[in-house]
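Chemist: One structure, pasted below without further comment.
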Amino acid sequence: MYVSESRGSTPAAASRSAARGLPRPGRRSAVASTVLALGAVSLITDISSEMVTAVLPLYLVTGLGLSPLGFGLLDGVYNGFSALVRLVGGHLADRGGRHKQVAAFGYGLSALCKPLLLAAHTLPLIGAVLAADRTGKGLRTAPRDALISLSSPPQGRGRAFGVHRAMDTTGALLGPLVAFLILRQAADGYDAVFTVSFCVAMVGVLVLLLFVPSRAREAAAPGDGAERPSLRAAVALLGRRELRGLALCAVALGLATVSDSFVYLMLQRRLGVPDRWFALLPLGTAAAFLLLAVPLGRWADRVGRWRVFVGGHVALLLAYGLLLAHLRAGVLPYAVLALHGTFYAATDGVLMAAAAGSVPAALRSSGLALVQTGQAAARFCCSIAFGAAWTAFGDRSALAGAAVALLASVALSIRLRPAEAV
Amino acid sequence: MSVRDRLLVLLAGVLVLATVAGVAVWRAAERADRKNQVQAGGPAVHAGTVSLAGSGGRRIVFRSMAWGPHRDELASVPAADPEGSRTASGVKCLRFYAAAGTGICLQAERGPVNDTYRALVLDAGLHTTRRVDLAGIPTRARVSPSGHLVAWTVFVGGDSYAGTNFSTRTSILDTRTGVLQPTLEDYTVTRDGKRLRAADLNFWGVTFADDTHFYATAATGGHTYLIRGDVTAKTAVTLRTNVECPSLSPDGTRIAFKKRVPGLSPDAPWRLYVLDLATLRDHPTAETRNVDDQAVWLDDQTLAYSLPGDYGSDLYTTPATPTGTPHLLTPSALSPSWLG
């Protein structure tokens, strides 16, 4: 499988596997060609988007001479909107089995935002373009994850999501490199970075259109006839015991999941990570995520996704513990980042793999969107509460509170234990 | 479509997109190269010695942004002839300030992949006496009137997808003892007698009164505050709202700052104002354009600040009163200090 994965990391290779036709669920050696194609699309798209993310502060401050402070004020408002968009994307994709079309629209919208950055020279306009970009991301996520789950055999979903997330993260790590290489060739060449980012994103859209089969309709065919993909049916999904339990636990755990930027801030304040390393901290998380996504996905297939998902939160709890401990050993920051990456590897794709088993194929996209939105909304609430607790009691007490909440949520999740789908 | 056809379509698409991308990078590289050639009609620049010492006549030392081999180097011109030929030092800085023979230079360092940033403390001969690695992109730099304390602010960028969360980090360094206060977030800040403690507390734009006291901007919960800080006690109190990038007048009675004036377009929200510290009342200056800079006082009546120009930014001066007219001081220049 490692062979097929590395071959899948280029569009041409993905297409070669796609060439052999639709997935063969019986074969355990190969990841479905659709998953590889979607992985390639995500990899390419992440290169494109992370190129922009990496140079944006530099562009705003040195390229445009703007002060980007206070820019993040609308983030909160937008996060709520983004959650709605995700639900809409999920629902639209289920109606008529248009997963590919909705995903393509989402990827296309984000791609078109890149050249718009060239025209936007003020903070409000740039903010609007970034909001449109994230709308594209919100729209495409659920249909894409639905396609991954629909094209993988149930017993191999954890691995399929692991492969996809590993490819996705690879793109995220490559993007900044590409951007900085361009700036090496052309000092202040932000316009070149945005143009290349657009071209890369368009390649991603092309790969999606050409090599991802639009076969969700087949999956929604007989057997699922009772589940008409209506809005009511999507909401009624929460009536299913399994999915309700899963969503409930994801929300409870999400309510105790401190956002990445707080984790990095705490790393710096509590463990004394030097200033110049600050920008590199997210890379540490990403590296661990990349390395562990596939092994933990496979492990989840074997021992149960729910177990691995909850186990991932135990890793996060350990990271909180290290941040709270009065230790200053040199390896601690590495350990925290490794645990943080492990948390993502054990939860991000694994939750989707677990949820896929509790949602009928015809409503897969809506169901996954529901769980994702619940989790994202819970994490957003946690951010607000954490910020408020920080203001009122200081950073250490805020984190201690989050740790207690996480411990309670893990205990609740172990007790509730929604039935394992597979 | 057969697989072969799809591959051909992909190949054709990739070729077209690669060409567009290649042309974009090539054009940007050409443009970057042009900046290394002297621009016609631009300021004259020659290599020479720049000193930050008190002797040597009244002069302006600044970052020269004029195109050519000395672009972004510290340069000096006589204060009486700001548009005269510039003496370039060979020391490159993004942001700079100097007082009493001490300079602070925030510069980029070319790494294997991306640029990193560092703060250099310079002596009167522009030799580095201290070097501090920075966490983000330089934006503000100041030196206390005695030359003993230096301060700087950097932007630390957003790390999430299409994220827009930026924060600042402001540090103060005592050049006599070498003690670095890495971030003002370690200070005890009080607002209306109550301690202010928030994860979103940011500081920027220090301006020194003496070797103990300074003013700066603090922001939290969407509001900006003028704070008065004490370096020794590591405390600060908020004085009033809506004051950014303060700059204390030489006589210590007024603060020039950028004010977010209500009703202006969000594209250009700031105007240059002056605050009377005794009454805490402010009034506009003669400059009516959007100013996003930490102004510098030439004397007790005049302010200098930068505005975006055709070649980087241009320096302007204005009376610190509502009446009068702003003047272009010199084009393609940033971060000025009046010395001597």
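Cβ atoms are placed via backbone N, Cα and C, with glycine included.
Curation does not apply to TrEMBL; its annotations are automatic.
Dumping what TrEMBL says about this protein:
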| type | residues | note |
| --- | --- | --- |
| COMPBIAS | A:1-24 | compositional bias 'Low complexity' |
| DOMAIN | A:34-421 | domain 'Major facilitator superfamily (MFS) profile' |
| REGION | A:1-25 | region 'Disordered' |
| TRANSMEM | A:54-74 | transmembrane segment |
| TRANSMEM | A:166-186 | transmembrane segment |
| TRANSMEM | A:192-212 | transmembrane segment |
| TRANSMEM | A:246-265 | transmembrane segment |
| TRANSMEM | A:277-296 | transmembrane segment |
| TRANSMEM | A:308-325 | transmembrane segment |
| TRANSMEM | A:331-355 | transmembrane segment |
| TRANSMEM | A:376-393 | transmembrane segment |
| TRANSMEM | A:399-416 | transmembrane segment |
Chemist: So if I exclude everything within five residues of the ends of the transmembrane segment (A:399-416), which remaining residues of that chain have a CB under 8 angstroms from its CBs? That is, six or more out.
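Modeler: Counting only partners 6 or more residues beyond its ends, the transmembrane segment (A:399-416) has Cβ contacts under 8 Å with 245, 248-249, 252-253, 255-258, 266, 310, 313-314, 316-317, 320-321, 323-324, 382, 386, 389, 393.
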Chemist: Verify whether three or more Cβ pairs under 8 angstroms connect the transmembrane segment (A:192-212) with the transmembrane segment (A:277-296), leaving out any pair fewer than 6 apart in sequence.
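Modeler: Between the transmembrane segment (A:192-212) and the transmembrane segment (A:277-296), which are separate recorded stretches, there is no contact, as judged by 3 or more close Cβ pairs.
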Chemist: Could you name the stretch, out of A:246-265, A:308-325, A:331-355, with the greatest number of CB pairs under 8 A to the transmembrane segment (A:376-393)?
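Modeler: The stretch with the most close Cβ contacts to the transmembrane segment (A:376-393) is A:246-265.
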Chemist: Limited to the domain 'Major facilitator superfamily (MFS) profile' (A:34-421), I'd like the whole-number average of pLDDT.
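Modeler: The predicted confidence over the domain 'Major facilitator superfamily (MFS) profile' (A:34-421), as a mean pLDDT, is 87.
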